[in-house]
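Worksheet: one structure, shown below.
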């Protein structure tokens, strides 16, 4: 749901400070499995491709990861898809019963030549098998094939999508939305996304997975105080392999491209820390709507 209040900007600053403090505590524990922070994408590390892998039409551009193509004139192009992912496999679970919890945060902006009338299709943060590849463009967001997009038995991916175009042919929602997707383009949980802000200002997303409760929680925030939240139970070990690839996948049907401006990720076997982060996410959303 959309939550907005004139005082929420200050409250969100307080929340983010507390959240980062808690995140640093998670990173400092011996149970941390994977942890990285890209405060921006200006450095040579990202430019040389040592930390980020690009597939399809995704590429590095000074200051950002661009997921889909633009023309020589800088205008986003139709009908293409791309992925930018972390270069190392990420541990998710093992046969002894260990399951990782994780927290990720990233900022992004969407560009289009025809806002807000015709723009499509969006992008997603995803977890998939290490050997997965870029698939179809448009509403498939590079994660699915059109012929099997709604068949969970044919797919293996969990994603949080930022969908700028409602694909009604899949019985999808009839408005832009944020969704949690499990092996299908049809989301298992959604919230309406009044996404005009995404085209003119930076968006910041926070996503947690609590291995104990098996809940994925999503919070999207804007500097103007707007924010959106949703959550859903997803049993990741029943869906994904022990080690996965994580990253971003975007697709276009109309003229749009998506830029990832910053990205941090940490996973841990200490689900208590992630539970605390999740509670802060939910508390922030509830408090700033008062």
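The backbone N, Cα and C atoms fix where each Cβ goes, glycine too.
The signal peptide annotation in Swiss-Prot covers 1-28 and is backed by experimental evidence.
Per Swiss-Prot, the feature N-linked glycosylation site maps to 48 (among others); the stated evidence is experimental evidence.
For residue 57 (N-linked glycosylation site), the same-chain residues that are 6 or more apart in sequence and have a Cβ closer than 8 Å to its Cβ are 67, 68, 69, 80, 81, 82. Look at Swiss-Prot and you will find 57 (among others) tagged as N-linked glycosylation site.
Following the DSSP three-state reduction, the secondary structure of residue 163 (Mn(2+) binding site) is strand. The Mn(2+) binding site annotation in Swiss-Prot covers 161, 163, 172, 177.
What Swiss-Prot lists as Ca(2+) binding site is 163, 165, 167, 172. Counting every protein chain shown, 20 other Cβ atoms lie within 10 Å of the Cβ of residue 165 (Ca(2+) binding site).
Feature annotation from Swiss-Prot assigns N-linked glycosylation site to 183 (among others); the stated evidence is sequence analysis. DSSP gives residue 183 (N-linked glycosylation site) a coil state; it is part of no helix or strand.
Residue environment of residue 255 (N-linked glycosylation site) contains 21 other Cβ atoms, counted within 10 Å of its Cβ in all protein chains. For 255 (among others), the entry in Swiss-Prot reads N-linked glycosylation site.
Neighbour count (other Cβ atoms within 10 Å of the Cβ, all protein chains): 18 for residue 270 (N-linked glycosylation site). The feature N-linked glycosylation site is assigned by Swiss-Prot to 270 (among others).
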Residue 183 (N-linked glycosylation site) versus binding-site residues 161, 165, 167, 177 - nearest by Cα: 161
Inter-residue Cα distance where the pair is residue 255 (N-linked glycosylation site) and residue 163 (Mn(2+) binding site), in Å: 14
Alpha-carbon distance [residue 165 (Ca(2+) binding site); residue 255 (N-linked glycosylation site)] in Å: 12
For residue 177 (Mn(2+) binding site), the number of other Cβ atoms found within 10 Å of its own Cβ: 23
Spatial neighbours of residue 177 (Mn(2+) binding site), counting only the recorded positions 165, 167, 270 and Cα distances within 10 Å: 165
